[in-house]
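First comes the structure, then the notes that go with it.
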């Protein structure tokens, strides 16, 4: 810490109790100065020779009160006045970062200018500030902290602005020019741990991290911290990610429980203003702030009941980079008093914000998006949508464990990303299966509504094997899984052409023999109700296993088979396929479910009333592997 000593005479100020100060000298005091509740018994000559204000006060006083003066509004109070008085006597005074601002403001109040005497206190303090204090990193921070209790004097004398400029300039400097000490305990550098690598026997010079200044600024209160960060951002030489790291470190230091997403304190007002200030300090550049940090900040904003404007602004920022979030980041607890475990509405709003942002981006910069996607699919719009779809699927699987989660919230969130591209629906199937497991009492219509979210054609082989043995799924969904797996095998053998498929199989395709032009499957009422018995499903599963075994053998030995063997294998597989669907077909005929409309009418035709009256066959022989 920098300091400056003024004067050479010994300090002869004495204390008598708490409220009396006097100078121990042979000369009798001739003036009493009341500063607040403290009386100073002093001498006129040394004081009046350096203070123009005291000269005026004594000159304007009545003859009866000329020996006693009252000063109640001097900045810094009795302590600052005592420094000025000792300087007038030529006594030794030590100035440092903790008292220099108070002394400077008090000297200004007493008008200790050069016009009163050369080399006066104001001049000497200004030299000390400019040559030492403002050149020191940590002293500048300490001085800035002391200005808070000396307003508006410190602002009028431009001490606050000088401190801000000094701190911001040092934070923006090239790290190779940082030669002063700083605090950096968040991540120890190898050199600071004594593990600095040695190259050719010469120890490398210590590298200064870009965010070297972050931790020291955490000592500032939020009002001063806001001013410092704003000044740093105005200079424009610090990247947004470093600003984001600074805000993250400040929140971790100042918001209790921030790292765990649980901010609880009796002083709600104090921490509410702090959280709101951090929101407005966030850099505007997309990607400069980690999404995990903003989601923790969102939790704090919700728990501290911050303003709606701050909440919307933060959610807008999160929506712009939602693809960077994790499922754990989104698990925000529901407000107290609600039966649900998690705040699904917030996540719904974040996903909708992401959708809106993507739509706006495609509208404003269509050519740029196409160019970006052609260069890097991961960075393109489809890549972001795929990531968000995967994120939502994982989130749905987690919240599905909540027994109080309504079906509507589960379905609405899933439908928000239903048009997003994704390679498979395995994640969505897992979430649906988990929901059905935790909510066995939901109605038949709700169960069907949830299962409509899934496209059976986009399930992997493993997911299909699990689904056909899953007793929680409606039996009609199991048939669909079997059917599309059958079609996948059949189209593979027929060269991906449905025209080569047997007529009975093409008749079961969505839309009848004409097929379907839709990009995603919509399970129509007739599709849902065309259900075989549990015994048939068991038999079908056995046939499916045989089919898969045969298919795997073909694939494993495909390189070694000659054309004749491949043809024989395909014929055998086709026989198994026909056997499976002959069982399915005969089952539909036995149950009276097959009519001419199955192949001639549109998939959407059918009576809703009839659907509700149909009974579900027994599933006593089905089991789950979940």
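Cβ from N, Cα, C; glycine included.
Residue ranges 493-531, 532-570 are listed, and TrEMBL annotates 493-531 among them as region 'Disordered'. As annotated in TrEMBL, region 'Disordered' covers the listed stretch 587-626 rather than the other ranges in 427-466, 587-626. As stated in TrEMBL, the feature region 'Disordered' covers range 362-382 out of the listed 341-361, 362-382, 383-403.
Across the domain 'BTB' (29-97), DSSP classifies residues as 27 helix, 19 strand, 23 coil.
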